[in-house]
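Among the features that TrEMBL reports, DNA-binding region is placed at 86-129. Sequence annotations record features per position, and here TrEMBL assigns compositional bias 'Acidic residues' to 341-352. The annotation compositional bias 'Polar residues' is assigned in TrEMBL to 359-375. TrEMBL lists 84-128 with the feature domain 'Homeobox'. TrEMBL lists 134-328 with the feature domain 'TLC'. The annotation region 'Disordered' is assigned in TrEMBL to 333-375. Annotated transmembrane segment per TrEMBL: 176-194, 206-225, 256-287, 299-324, in sequence order.
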Amino acid sequence: MLSELSEWFWQEELWFPKGLGWADLEDRDGRVYAKARDLWMALPMALVFLIIRQMFERTVAIPLASLLGVRETVRLKAPHNPTLESHYCNVTKYPTQVDVTRLCKQTGYSERQLQRWFRRRRNQDRPSLLKKFREASIYAQHCCKAMELVETKPWLYDLKEMWKDFPVLTLLPSQYWYYMIELGFYSSLLFSLASDVKRKDFKEQIVHHVATILLISFSWCVNYIRAGTLIMLLHDSSDYLLESAKMFNYAGWRNACNYLFIVFAAFFIFTRLVIFPFWIIYCTWVYPVTIYEPFFGYYFFNGLLMILQCLHIFWAVFIIRIAIRFLTDSAKVNDDRSDKDETDDSEEEEEEEKMKNGPLQNGHTVHNNNHSKTE
């Protein structure tokens, strides 16, 4: 059964144009080609990245955060209450008015005290500023020097050269390591998603990482290595700008963060919404059919590129929204995808001591609709 499935999966009609096949990718005359079995290298590479990440955060990111002045916000802990903790963990973190009324009767808390308890409990689960800084520093330092791999190659300037002599494209050592590093890195990101800071685009991040891993793996197996290298280069070229802006934001360097973000926004829109669809996708979707007939691999590869393009548009909306807000009123650049801390208002702070002595029993309902959210 497995052998039949493997034979069907690797049949040449799926992955190559008519007249071409796996025999064309056999090493000969000193020329080396990409092999599917090479992809197993991504697993130990992912493990290495996870180890390097832990070491980097402890030895570089934390001291750097201290040097840049990253300061943690003091968070008040919610008093221990088994009834409220059970509702928070098993029912919802955002109780409805019906829940509030019922829980007030069960605990003896006023509505105001109950709302404050849930706000503080939610804050306890939110990632700290230092954790966000460490994560951003990991992404920023990953910007590989890919330009060195392709700067002298003709297919960087004339994209039609991507398909010259396809599929007989000799694999360069630099391309091999670039592929393995990128595949290992994105695999490690997929493994660490559960512990990373969860933002509003968490599901989109999963789709992005899976699509990227499939795209890298497929382009490697069928020797789309020139197209794959350019696509990875295009994505790496702007990501480090965003992560650097985040680091300055967490450190409180407002001007540096704002202007670096504007540079990133312009670069992102130009590379992801102009170069990627009108140059890269054009040369993978339109130009190849002038050379050979479409086949399954052609549709599969371009389908993955279209998924990435949809994600680019999705993220561009966030970026443009933030950029417009900054340009129109010079507001501080904030990541709309991030979950922000909820803080108590000044009147609630005055009742801090009362809460320590137990719930209020004055029989009056106090509503709090004035609390604000800050970064």
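Cβ atoms here come from the backbone N, Cα and C positions, even for glycine.
Whatever TrEMBL says is automated annotation, not expert-curated.
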How does the DNA-binding region (86-129) divide up by DSSP, counting helix, then strand, then coil residues?
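Split into helix, strand and coil, the DNA-binding region (86-129) gives 32 helix, 0 strand, 12 coil.
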Over the domain 'Homeobox' (84-128), what does the predicted model average in pLDDT?
85
